[in-house]
Amino acid sequence: MQDLTEGVARFQRDVFPAKAELFAHLAAHHTPRTLFIGCSDARVVPELITGSEPGDLFVIRTAGNLVPAYRPGGDGVAASVEYAVSALGVSDVVVCGHSGCGAMTALAGRHDLSDAPAVADWLRHADAAQARTAATGDVSALIRQNVLAQLANLTTHPSVARARAENRLTLHGWVYDIATGGVENLSAAGPESATAA
């Protein structure tokens, strides 16, 4: 906890004053351009990966970067998606998986999650991806298929479907490589480098 306290002090002393004008603007305006849905993994930092400033991204982080398909009553993920798309008017949504994902590793390895029932229940939102790669047990393939499956789940959300029908929203699937810093852009035509897209 000492590290965090010292970090807050450094932020208040060094970072905040250097960006005082930006923070003054952000105090009155909340207009992110992109909804970034990533994994809860501490090694995956959306703002760092994308070089974004505070206020640029509306971020949802879940274990395995999972987005449950829409259902009435929803959940926190559905509410956050709806808010970003309908209220904030983001123009892009990125679902970003990553190398070495513990959630996907657990699924590919069929790990016993009986001691973690909430985790086991949550990972059912990756069933479509797991079904496509079950025969191989290839974690990298599962990570990619999971990103595509979560993009498909996103399209079941009414706010997303409406915005896409009105050509106001574009969906993107990325896979971040922790070891190299590379970002792979998964497109309908196949993978390509996000830097070339």
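Just so you know, glycine gets a Cβ as well, placed from its N, Cα and C.
Every protein chain considered, the tally of other Cβ atoms within 10 Å of the Cβ of His98 (Zn(2+) binding site) stands at 22. Among the features that TrEMBL reports, Zn(2+) binding site is placed at Cys39, Asp41, His98, Cys101.
Sequence-ordered, the extra residues of this chain that approach the Zn(2+) site, with Cβ no more than 8 Å from the Cβ center of Cys39, Asp41, His98, Cys101, are Gly38, Ser40, Arg43, Val44, Gly64, Asn65, Gly97, Ser99, Gly100, Gly102, Ala103, Met104, Tyr176. A 10 Å cutoff on Cβ-Cβ distances gives Cys39 (Zn(2+) binding site) a total of 25 other Cβ atoms nearby, all chains included. Around the Cβ of Asp41 (Zn(2+) binding site), the same chain contributes His98, Cys101, Gly102, each under 8 angstroms and 6 or more positions distant in sequence.
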